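*Asks:* Have a look at this one.
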Amino acid sequence: MSRPTLAVLGAGAWGTALANMAARHHEKIWIWAHEPWLAAAMRDARENVDRLPGVRLADCIEPTDDIDCVRDADHILMVTPAQVVRSVSVLLKGRLRPDSVVVSCAKGIERGTGLYMREVLADVLPDQPAAALSGPSFAEDVGRGLPTAVTLAADRIELAEMLCARLASPHFRLYRSSDLKGVEIGGAVKNVLAIACGVTMGRGLGASAHAALLARGFAELMRFALAQGAKAETLMGLSGLGDLALTCSSPQSRNYSLGFAIGQGEKPQVAGRGALTEGAWTAPVLTAKARSLGVEMPIAEAVQAILEERTEVADAIGALMSRPFKAEG
Ligand SMILES: NC(=O)C1=CN([C@@H]2O[C@H](COP(=O)(O)OP(=O)(O)OC[C@H]3O[C@@H](n4cnc5c(N)ncnc54)[C@H](O)[C@@H]3O)[C@@H](O)[C@H]2O)C=CC1
Ligand SMILES: O=C(CO)COP(=O)(O)O
């Protein structure tokens, strides 16, 4: 039996790392860049010099800027920024095999609609099976072959099982789940909370404040997710608490780094320095969604106010510390 094929859409750090992980199980993997120069540079150098330098592309990987590559792919990994998942999905219409699973690997909520990535995919490609991959995993770590574990969720558990087997490597372990919503919520919300943790550390408020923020952030994440039917065990797993702990604690995170720079006094508009900070895109839609669900998310609200320069960091912290006393939970 011939081995399967895969198309990875989005030639960023994460798409490149995932393509390399999947290489051992696939006959061919296309990695699609919407920038022709990037596809050409990756073909020439056999590495992603722009986003994941120093990691050699496996032999079966073919960088391309031709979206028709998806016609020959058994499955698709969607690894673009969350806000362009819709426009890239539109390109897939009429090009996919009916049984090709589209796996969302982006972490965010769509602005304007409030939809999670799987819901965006269902909106544009209603007949296509979908899955989501999320968890604590820096592309640089995965690219260097450091041990990493993530969650892969699909509606049908046998689909999740098949995808876990096809994407795993000896140092990249996937756990299956049927809680797509819980997995996606964890990935989207932790980015916003990581900005808050970065602010705290950049401001020099200490490890105790960081731990308090992380724990109270997790309470917010839990409340928000449970109100939408996610399972508590998903939130306590890799894609929830695991990714929250990683992203809230490491300068390797772009979201944490954005917060850190703001904590040190930089203006939010310049602090990101052109990096993809998904939390900044998700914050306004997350807080709007929480309000419409009647879920309190004071930390996410504070991040949003800081990003919009409606409040100073010191005032946001003061407001969080002076909230009415309440029971923990
Ligand atoms: N870098 C990481 O460690 C991880 C990233 N993720 C998620 O993966 C997603 C992608 O992140 P990265 O690969 O890190 O980003 P990146 O900034 O390294 O690369 C983003 C890539 O998206 C593509 N892109 C940008 N605009 C596009 C458009 N309009 N149409 C089509 N493609 C476009 C480009 O090829 C670009 O190189 C994000 O949602 C992120 O949260 C998830 C886990 C780990
Ligand atoms: O999602 C990630 C780690 O799991 C990457 O985090 P950043 O997008 O903050 O860099």
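Quick reminder: no glycine exception, Cβ is built from N, Cα and C everywhere.
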*Asks:* Which residue of ALA122, ALA130, ALA139 does TrEMBL report at the same NAD(+) site as GLY10, ALA11, GLY12, ALA13, TRP14, GLY15, ARG254?
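*Replies:* Answer per TrEMBL: ALA139.
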*Asks:* According to TrEMBL, GLY135, SER137, LYS190, ASP243, SER253, ARG254, ASN255 bind sn-glycerol 3-phosphate; which of LYS93, LYS107, LYS289 is also listed for that site?
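*Replies:* Of LYS93, LYS107, LYS289, LYS107 joins GLY135, SER137, LYS190, ASP243, SER253, ARG254, ASN255 in the sn-glycerol 3-phosphate site that TrEMBL records.
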*Asks:* Using Cβ atoms only, which residues of the same chain lie under 8 Å from ALA11 (NAD(+) binding site) while being at least 6 residues apart in sequence?
*Replies:* ILE31, TRP32, ALA33, GLU35, LEU38, ALA39, MET42, ASN48, ARG51, PRO63
*Asks:* Any idea what the model's mean pLDDT is for the domain 'Glycerol-3-phosphate dehydrogenase NAD-dependent C-terminal' (179-317)?
*Replies:* 96
*Asks:* Which residues of the same chain, at least 6 positions away in sequence, have a Cβ lying under 8 Å from the Cβ of ALA13 (NAD(+) binding site)?
*Replies:* ASN48, ARG51, LEU52, ALA139, GLU140, GLY143
*Asks:* Near ligand 2, meaning Cβ under 6 Å from any of its atoms: which of the binding-site residues ALA11, TRP14, GLY15, SER137, LYS190, SER253 fit that description?
*Replies:* SER137, SER253
*Asks:* Checking proximity to ligand 1 here: which binding-site residues out of GLY135, ASP243, ASN255, LEU276 have their Cβ closer than 6 Å to it?
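*Replies:* Only LEU276 qualify.
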